[in-house]
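Annotation source TrEMBL lists active site at ASP512. Residues annotated as N-acyl-D-mannosamine binding site in TrEMBL: ARG472, THR484, ASP512, GLU561, HIS564, GLU583. Summarising the annotation, TrEMBL assigns Zn(2+) binding site to HIS564, CYS574, CYS576, CYS581. The domain 'UDP-N-acetylglucosamine 2-epimerase' annotation in TrEMBL covers 37-370.
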Amino acid sequence: MPIGDCSVAAKPRKQLLCSLFQTTLGYRACASGWKPMVICRGSHAFKDLINTYRMIEQDDFDINTRLHTIVRGEDEAAMVESVGLALVKLPDVLNRLKPDIMIVHGDRFDALALATSAALMNIRILHIEGGEVSGTIDDSIRHAITKLAHYHVCCTRSAEQHLISMCEDHDRILLAGCPSYDKLLSAKNKDYMSIIRMWLGDDVKSKDYIVALQHPVTTDIKHSIKMFELTLDALISFNKRTLVLFPNIDAGSKEMVRVMRKKGIEHHPNFRAVKHVPFDQFIQLVAHAGCMIGNSSCGVREVGAFGTPVINLGTRQIGRETGENVLHVRDADTQDKILQALHLQFGKQYPCSKIYGDGNAVPRILKFLKSIDLQEPLQKKFCFPPVKENISQDIDHILETLSALAVDLGGTNLRVAIVSMKGEIVKKYTQFNPKTYEERINLILQMCVEAAAEAVKLNCRILGVGISTGGRVNPREGIVLHSTKLIQEWNSVDLRTPLSDTLHLPVWVDNDGNCAALAERKFGQGKGLENFVTLITGTGIGGGIIHQHELIHGSSFCAAELGHLVVSLDGPDCSCGSHGCIEAYASGMALQREAKKLHDEDLLLVEGMSVPKDEAVGALHLIQAAKLGNAKAQSILRTAGTALGLGVVNILHTMNPSLVILSGVLASHYIHIVKDVIRQQALSSVQDVDVVVSDLVDPALLGAASMVLDYTTRRIY
């Protein structure tokens, strides 16, 4: 990984001084007409860090100036002296280069010196990765740079909100994502095993080693050294090959190195201790590790792109947004806690997270840079308070709609949609659902890839994928356990892994009835309600239960199978193998069965009604006949509605919800009968519970989208 600080200036049209932490940005800047001029300073020039400035030269950047600005000592005083030394040396360099814009990256103390120099010399500053929250002195430094900077590039929506709360001008904030993700998400190295062997030995296998990277906490050095000692003890006990990177040069790092040497880590057969790993190789090492442990921001940010398990120790990264791959051990005060975390995390594989970027940050940043008017006044303005509620911006490179990919697996059709945060279906794709597993999973992947590509053109940022499917689903693992008879070859199917691996997005999967309830909770008539029940009346009968604002799944993920509530001991056979279920009376399949019986006996058609020879008799024909006065059809519908009504009464007596929502194509035909049954059969204490017809057009798609939109936006730290 890059260590320390390195800056780049550029000509001819505009001069740009920027951090070389993001070499992709440097390359793209060259391609856009910039001629970078590089200043290498800080720990890049240290001999005991293998002179990492040479790697900058290997990337075809000419280094114009090398500044030695780090005072050795690795204590608080050395950090202060380093900032002071940089402030003494930087003015001469900046006077010579005369940059129009300086890009400052991150929250290191040496970056503060760079920002301070530029601000005092009237140079415009663009700060990357501002607005984030973590622990230690880094927070204060990051926010101090924010106040000095004129323009801001942030990585997450929360960071953007923090910048706005800090009175920064919203028009000068770009939500771009993390530039390093551009490289992470495009990193492909088929020969990653040679990299693993080079750093860890020939006998090490993928996913069977650990990467450890731990830095001192400058606000609590004593505790961070003790925590590092406990971490090494736990790793020794865990007995897996481990690549340990030396800590950074913050105060306390010298003591941490002493701990490593005291425990013999550099000579231990299970450990490889190194001071630097080239970034391209480090990517492959963490991507194929069984686990990463420590307190580096790399663990909670970049490693999520690969779904590698991470154990975050202590408070150094407290407040960072993280994917589900991160297990926090806030009070890492015993070896047993850390060892237990290793047992829990090692060898797992999580969905790839794109909280910090989607791989398109650099083009956004370059577009943002081109939009900066160097003729506008230099004096920075603050927006005091508060900012308007609608924070959308009228700039095309920022105005992206947070969206989800929603997938609905029905018995007949397979649908994929781009759904916005407000529940608007931006674009929908429909194909016939194939009959075999292989064809179906390939079609899902193809449709999702096409939709994700189209989303970029539509200015939609996809946060994840939500899938609604029939049958019993384990939402924790993203697996369809047992499907309905309508979808063949769909048992014990892992949907999360192939989609996550292909799209590099988190994936959620749930039963279609549960998705309908989630849709009502976020977009429909259940919004804001603590307890309600949704019943789907379609080809089958399904449902979902919201209790205390949460979806109920049950101990074996079989909750809310409301279509299989038994309302008659001697009723018709049901597809589940029982008889007398609601579904055997009121589903579309049940009505179709009764319609065919009437049609075969020439008792279905009435005046004004016909069924073409090439058209199968179905539920809608029965409903049409009932509307035209067919007494037998009317009786069948009344029986079906009564069965559904008795099921609702049972739900009212069991769950006592504040609302029951009937969803699906048959809901409007049943609503009045259901209400009549409630008045006749329900206890007086629940007769006032409202029963309504859903006003959502696509509850399955909206519910699938809501799993993504709720989870990815409800993180509050």
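Every residue, even glycine, has its Cβ placed from backbone N, Cα and C.
TrEMBL: automatically predicted annotations, no manual curation.
When the Cα atoms are compared, GLU583 (N-acyl-D-mannosamine binding site) and CYS576 (Zn(2+) binding site) turn out to be 9 Å apart. Looking only at the recorded positions ASP512, CYS574, CYS576, CYS581, the one with its C-alpha closest to HIS564 (N-acyl-D-mannosamine binding site) is CYS581.
Of all the binding-site residues listed (CYS574, CYS576, CYS581), CYS576 has the fewest other CB atoms within 10 A of its CB. Within 10 Å of THR484 (N-acyl-D-mannosamine binding site), counting CA to CA, the recorded positions ASP512, CYS574, CYS576, CYS581 contribute CYS576. The two recorded residues, GLU561 (N-acyl-D-mannosamine binding site) and the residue listed as 'active site', have Cα atoms 11 Å apart. Cα of CYS574 (Zn(2+) binding site) to Cα of ARG472 (N-acyl-D-mannosamine binding site): a distance of 17 Å. Other residues of the chain with a Cβ within 8 Å of the Cβ centroid of HIS564, CYS574, CYS576, CYS581, the Zn(2+) site, are GLY563, VAL566, SER575, GLY577, SER578, HIS579, ILE582, GLU583, ALA584. Each residue contributes its Cα atom, and for CYS576 (Zn(2+) binding site) and ARG472 (N-acyl-D-mannosamine binding site) those atoms are 12 Å apart.
Other residues of the same chain near the N-acyl-D-mannosamine site, with their Cβ within 8 Å of the Cβ centroid of ARG472, THR484, ASP512, GLU561, HIS564, GLU583, are GLY470, GLY471, ASN511, GLY513, GLY540, ILE541, GLY542, GLY563, CYS576.
Ranking the binding-site residues GLU561, GLU583 by other CB atoms within 10 A of the CB puts GLU561 at the bottom. There are 18 other Cβ atoms within 10 Å of the Cβ belonging to ARG472 (N-acyl-D-mannosamine binding site). Listed in sequence order, ASP408, LEU409, GLY410, SER468, THR469, GLY470, ILE536, GLY542, ALA700, GLY703 are the same-chain residues at least 6 apart in sequence whose CB falls under 8 Å from the CB of the residue listed as 'active site'.
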